[in-house]
Each structure stands twice: as C-alpha cells, then as structure tokens.
Amino acid sequence: SMASPALLMRVVASAYSVAEKAATIVRNVMSAGDLGIVEKAGPNDLQTKADRLVQMSICASLARKFPKVTIIGEEELPTDDVTEDLIEDGHCEEILKKPCPTQYTGIKEEELVIWVDPLDGTKEYTEGLLDHVTVLIGIAYGGKAIAGVINQPYYNYEAGANAVLGRTIWGVLGMGAFGFQLAEAPAGKHIVVTTRSHSSALVNECITALNPDHVIRVGGAGNKIIQLIEGKASAYVFASPGCKKWDTCAPEAILHAVGGKITDIRGNSFQYNKEVKHMNSAGVLATLRNYDYYASRIPNTVKESLVP
C-alpha cells in the first residue's frame, strides 16, 4: 500500500484549502459592506473584521489538524470562541499526490512554525485596491521558510461578471511553485516594486540609488513577490522597518522555490524560528534573478541607517 503522505505535504495541502476558505471570508466581509475598521498603531496600520475572522479561521483550522505545530498570526486575538462555520477541514488532493522532497520527509509537527498574515494589504483592502490583497500562510522548519501558500481573493476581479475570482499559489523548496505562470522581467530593464503607503526619505533615497527605469508602488508583501515571479518587476526594495515575519515567510518560500532570493537590505537572510522577533527591522530586498546587481547598488548610508 502507498505510504501515507509526509507531514509537510499534509500541512501544505490543508493550508491550501484553509487559504481558499479565508478568501471566501475576505470577499464576504467586503460584500456585506461593514469592514469594522480599527486603527492599531495609526492610520496606516489598520485591522478589519476580515483580518480578525480570517486569522481565527486559519489558526483554528490548522491547530485542530496539527495540534503540535506552532502557529503565529499577525493579530492579537483570543483563540477560543471560534465558531464552527470558520473551521475548514478540507485539503487539496493534488498536493497530497506529490512526493515530499526527501530532506523534509522526517519532519515532526513540533518542528514546524506557521506564520500567518490573514490579510496582507489591509489598507488597500479598505480603499478598494482589491488586487493588492493576499492571504499568506508560510511554513518554516529549522528557522527557514520551506513552504508557502499565497491566496489572492480578488485575482481577476476586473475581468467581468463571469470571471472566476481568486487564485491560490503554493510552493515547496526543492519542488517548485504552482498556480501561476513563472515569467522574468524584461532583460535589461530595472523595474522596482516598493511600498505604496509606507514611504519615507530613506525608502526613496534607496530607490533613487538604483536608478530604476520604472517604479511600481503597490500594497502588500505577498503582492510584491507576485510581481517578481510574474515578471512585472525585477526587484522588490523596501529600505525601512515595518515588514514582519508573517509578511515574508510564505512569499519567501515561493520565491526561493523558483530560484529567487530575498534578504534584508543588508543581505542577511530572515529567520523564522518561533523565538525570533517579529519585525524585519532592516527592510527587504528581493529579486527573481540578478540579486547581486541590486544588492551591490544599495548605498552604505542606507544600510547603516537600518539596524537588523
């Protein structure tokens, strides 16, 4: 008889279905019309009813199936009183059929850390920039991001009434990434994607130093990594603190699974063990290709201003 699928593949297969459930919640909250917006640290740091319900749904659903896994979500929320209608018990059969990369076959539940951003691009969500929004579930082992799921609840939302809304991208290191068409940015073009609502003098100084042909300003870390893997941008540059581990874990796994690279502005890789601090204090530099070209052009003044 077939051996049962490795734990990692079961977690990814469940995270896929959990992310699709999350997308439904995100769309339902928006169409019901009451976003329930709360300011956390200020007007650019918002939480909505969707952030709250989605986090409860993701964390409770995964904790029920994988009780020994550490799950860290963005929002400070009580974990009890999660209603049954928020629980997703399904999994993606397609993912379970794929063989687990050998280096991960022996993983135990207590060795995994799942980083959850229930709604990445909350500010954009409240402003109706719906294609910026993603749901992020990142899976880490030994402090490294090894698998990830990114759902775009509003993918295709401008394609008309009959279009299928939303898509789920997923990837595992050593296996690849799926659910999108991998493409590289035009050769010789330097297209930088950066923050839309968290700009600063330092952020702009860093971008100017790269002398880009074009700058794209969009919300959400998940969305920015998608710009890279679909060839719409050649580098994601954010010379500022503000990004957190739950913003980068899932996107990092997917980017690394297709041969890209993400670090902080100083070139340090991110750590995802459960004891790590949540803030990526030294910003983000990510590319699908030509990482060294961009890394070599980050000014020392910028690096010195950002302390890991």
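Each residue, glycine too, has its Cβ placed from N, Cα and C.
Annotated Mg(2+) binding site per TrEMBL: E74, D117, L119, D120, D247, in sequence order.
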Hey, which of the binding-site residues E74, D117, D120, D247 is the loneliest by Cβ count within 10 Å?
E74
Relative to the Cβ position of L119 (Mg(2+) binding site), how many further Cβ atoms are located within 10 Å?
30
Can you list the residues of the same chain, besides E74, D117, L119, D120, D247, whose Cβ falls within 8 Å of the Mg(2+) site's Cβ centroid?
D51, V116, P118, G121, T122, T134, V135, L136, G220, A221, G222, K244, W246
